[in-house]
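Summarising the annotation, TrEMBL assigns GTP binding site to A:11-18, A:37-39, A:54-57, A:Glu66, A:Asp87. Per TrEMBL, the feature active site, GMP-histidine intermediate maps to A:His53.
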Amino acid sequence: MARAKMIFISGGVRSGKSACAESMVRKFDAQRKIYLASGRADDTEMRERIERHRSDRRTDGWHTIEQAKQFEQVLPLLENGDAVLWDCVTTWLANELYEGWDNGQTCAEQKGCMELKWRNMQKTLLQILSKIEFMVIVSNEILDDFMRDEQYMKWLGKIHMWLVQEADQAFEMENGIAFKRK
Amino acid sequence: MQIVFGGAFNGKRQFVKQQVKLDEWSWYEGICPESISEPAVIAGFENWVKLQLQNEISEEEILQQVKKVSQQAGSSEQIWILTDMNRGIVPIDPVERELRDVIGRIYQYLFAEAQQITRIWYGIPQIIKGADHCENLYKNR
């Protein structure tokens with residue numbers, strides 16, 4: 001079976017990337033629209049924000065799957081014919097890279113930890129793509145700023161480069177305008 | 001003179017390494033030497049600027065040095081790899097604020113000098129100046 005079409009969209013905060021991604025999925029007109037959310041509700045504001053997004057989408061017929069990390073768990077929940085919007089790469093990376101922070105040792109501090117997670121993630125993404133019909137992956141532009149956490153930025157650059165390579169189309173969003181880069 | 005420009009970890013060095021025969025080019029990493037005789041790649045330029053500022057060398061002196069080096073590009077080829085660091089929020093650290101302003105102004109000088117500028121976005125090159133017929137973005141001023 002042919003691999004699903006994959007689109008990568010990246011942009012700054014409030015650049016309109018999520019709206020653009022949602023409209024792409026809507027236009028694809030798949031059997032199910034799946035919203036794969038990586039954000040975690042750690043405080044009230046975040047819980048309200050997530051709930052607001054959820055109820056907005058519910059009226060529009062979206063299924064929401066919340067998956068902060070370990071994406072292999074998503075695979076059995078997906079069906080052939082699904083269109084998936086994953087929002088977003090940066091939160092997933094933070095969740096995985098800083099896992100173990102509350103126990104005093106993060107994944108970032110353990111040799112080979114993130115390498116293993118990324119290999120699994122690549123495998124899972126390819127499996128997802130061979131199962132579903134259409135996928136839009138949303139991420140943030142944060143690499144054209146001062147270095148805050150070199151390891152995080154290095155990983156994000158590596159991940160974005162792979163996603164752009166794998167993507168059928170790649171867009172950079174700026175102020176509501178999508179620039180097609182691939 | 002050519003510029004390869006883009007955010008950190010976007011594949012700028014990888015792109016340059018594919019463009020040039022590395023054994024014929026000198027690679028200057030984090031330094032900006034006064035005289036360059038051979039085709040040269042100047043990379044990690046922002047680290048060099050940061051070092052100058054830390055050593056209390058003035059922006060004017062830094063710019064003079066940059067001019068001296070880039071003007072040699074007439075006799076031997078140069079590729080400058082410049083990291084875009086200026087799209088984020090205003091940094092809290094005053095040293096970073098100064099660095100951001102200084103590299104912003106030096107980049108403007110170098111961009112005006114360059115015959116060709118390529119922006120790299122996650123490995124994808126886009127010529128933003130000097131593509132002859134293919135673009136006219138840089139004429140829009």
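Here the Cβ of each residue, glycine as well, is placed from N, Cα and C on the backbone.
Listed binding-site residues: A:Ser38, A:Ser55. The one with the lowest count of other Cβ atoms within 10 Å of its Cβ is A:Ser55. Here the CA atom of the residue listed as 'active site, GMP-histidine intermediate' lies 13 Å from the CA atom of A:Ser38 (GTP binding site). Of all the Cβ atoms in the protein chains shown, 24 others lie within 10 Å of the Cβ of A:Gly11 (GTP binding site).
The DSSP secondary structure for A:Arg14 (GTP binding site) is coil. When the recorded positions A:Arg14, A:Lys17, A:His53 are scored by other C-beta atoms within 10 Å, A:Lys17 scores highest. Sequence-distant contacts (6 or more apart, same chain, Cβ under 8 Å) of A:Glu66 (GTP binding site) comprise A:Ala37, A:Gly39, A:Ile50. Reported as a whole number, the C-alpha separation between A:Arg14 (GTP binding site) and A:His53 (active site, GMP-histidine intermediate) equals 15 Å. The DSSP secondary structure for A:Ser38 (GTP binding site) is coil.
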